[in-house]
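Among the features that TrEMBL reports, domain 'Ig-like' is placed at 8-100, 105-192, 204-287, 295-382. Marked as domain 'Fibronectin type-III' by TrEMBL: 392-486, 487-583. Among the features that TrEMBL reports, transmembrane segment is placed at 606-626. Per TrEMBL, the feature compositional bias 'Polar residues' maps to 643-654, 689-704. Under the heading region 'Disordered', TrEMBL lists 643-754. Taken from TrEMBL, the feature compositional bias 'Basic and acidic residues' covers 663-673. Annotation comment: TrEMBL describes 739-754 as compositional bias 'Low complexity'.
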Amino acid sequence: DFGRSSELAFVVEPSDDIAVQEQPLILYCQVEGIQPITITWRKNGVMIVDSENAFMLANGSLYVSRFQRLRGDGSSDEGEYDCMAQNHYGLVVSRKAKIQAATMSDFHIHPQNAVVEEGGVARFQCQIHGLPEPVILWHKNSMPVNTDNERYTLLPKGVLQITGLRAEDSGIFHCVATNIANVKFSREARLTVSGSHSTVYKDPMILVGPENLTLTVHQTAVLECIATGNPRPIVSWSRLDGRPIGVEGIQVLGTGNLMISDLTVQHSGIYVCAANKPGTRVRRTAQGSLVVQAPAEFVQHPQSISRPVGTTAIFTCVAQGEPPPQITWLRNGQILETSDHIKLKNNNSTLSIYGINQADEAIYQCLAENSAGSTQASARLTVLWADGLPSPPQGVRAETVSATTIQVSWEKPLQNTKEIIGYVLHIRKAADPVEMEYQEAVSKSTFQQLVTDLEPSTSYSFYIKAYTSRGASKASEVTVVSTLGEVPAMPSLFIKVINSTTVQATWEPSIKLGQHEGFKLYYRKVHLSQYTGPVLLASNITAYNITHLDASVVYEVKLLAYNQHGDGNSTVRFVSLRETVERTVLNPPCDCMKDEQNNKTSTTGIIIGIHIGVTCIIFCILFLMFGYRGRLLMCKNVQEQLSTPQIPRNQRSATGLVLNGATRRDRDDRDLNGKQLDMNELERLFPASPSQEQQEKGMTSAHSLSAPHDETQISTLPLDEFSIIEEQPDPLPKNLLGSSPAAPAPNHSPANEG
């Protein structure tokens, strides 16, 4: 029943199958869509022509009358088949169906004779390959083995396990393999059960552990694990990654074989079989990996879309599977080839068609395929075209203005220009993919556009479309033009002094320089007009040492980048090596031999220094002690001399003040013949009693005036506290203030007031 949907799509697709030699084979294919629909078949990509052996039925299915694995001419009916359906909208291709011949090989593993003691474990195995997978049954003494016996375990891969052996288990065993292709019998093997059950302790031991398996989802996995020991070990299972095995679909066969039904991808992992001695931690382990594959299936199908001419069409096709599927796109049954306006992204999951036109209208298919299977999905692209749209703009020209600017001009379309509302200029670097294109809109009355901010020495492509409210015109012819080249920008330059005759010039390569072929380096003494250079350096060089320089002068270093368009602006630096020479003089290199000799005497010098230091400390202590006694005697004499009657306040005069303070010349004379007494220190050493306080105040005031450098004392003492003391003109021989301070001095002339 075709024609239910306007979209051409498959209702039934051919599936993988195993064919029997000389038997008929039917491959089904059913599609729906707008009639008329034509169906054809291919085998291994080659069209199948109807013949006596293979022809198409009325419902679109393929009928093979007598399947042949190998014909006399060397051909075979085995292969990959697909059907194609086509109508006037496009063509679709079905998934590939893999057809194989049913076969069965000879046994490559036969059961072996075994002698096992009573209570032990016996294991027989036979293996055979075939398509489909042969079903293996066991016979004992020419009779089928009783599978109701719990001690007998039959595994799908041709293994027979017998636990807790008894005398009646002895006999002759063989296996029978059956599939649609054939039935085969293995060789016979004898089982002998000897002796009675042993009570001797035996460590647990795994006779056979799990094999590595690769299966497909929904199949059944059997992981074998058979163990022996006395007492009989306990078999347990776990996953190496620590995840729980679960309980759904899990079954234990016999004494320790793990069977997982209805496999999923989550069952993949490494499984560990452990044989534990009861009541102890003694254990033996074996492990095997299980890989579960899943055929490709779609998470997101591509959707049919309609788009106006000149726009972009995007199809998305997301598939999953294990291993991850590969995605291939077809266009009307043919492998899609990418181009400037057809791009595949995101691991082929996204198909983008830029600037579509009527030639892009087709059926696009997404094929997802992995080792477990394949699937397909299709979608149709309809290109909308409105009557009365403008024809493409004419006479598109592009002229280079500068290294970053190009002017594009064009003329009106030849037809249907009344409804034009504007133009769109499409701009792209000629080397970039179509998706990097950008546009600039222009008013309908403008027929030229200045395109700026371009890159120098770069080719650009331009084309124009005229737009109306009902859609866009077809694209104009594409014009390609290149911008002018420009000289490189100024490089950064750094100068480092290496030694007194060498400096290093370094610079950083930068994309801001633009296209450059290399660098030119010049240098000169600043007082000279002529440069040394140029030193030509490749574009990948970033440092250069300038040697044999004169340390006494300043140098100028100049660097510029150049290309085929000329030299760029230069960067200039000045450098002097004089400081390096001065540092060398101030810090001469060490005399290693002299230092070594000095090191030999360093210990002796330290000892001598310690002795000298101790001696100095002793002398200092003695000096302080004797000096302290001398001060006591001096202070006593001073107090006696200061105990003279005070002159009344009204009799005090400037002369008295001068006598009390003395002139600067007199003080200088006394300094040459005796020592002045620090009265502040006396007050600190000998606190004055209340009866002597007035006398000491007068003395302190007088001394304050005689010490002009102690401005703080002069400014803080009131004038009322000064006392008048006359001094002898002769120098004092032993005490500092004279023996008779109250007597007038003959021939003493008054001095200026201090």
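Glycine is no exception: its Cβ is also placed from the backbone N, Cα and C atoms.
Broken down by DSSP into helix, strand and coil, the domain 'Ig-like' (204-287) contains 3 helix, 44 strand, 37 coil. Helix, strand and coil content of the domain 'Fibronectin type-III' (487-583), in residues and according to DSSP, is 9 helix, 48 strand, 40 coil. Under 8 Å from some Cβ of the transmembrane segment (606-626) lies no Cβ of any residue in the same chain that is six or more residues away from its ends. Here the domain 'Fibronectin type-III' (392-486) has a mean pLDDT of 90 out of 100.
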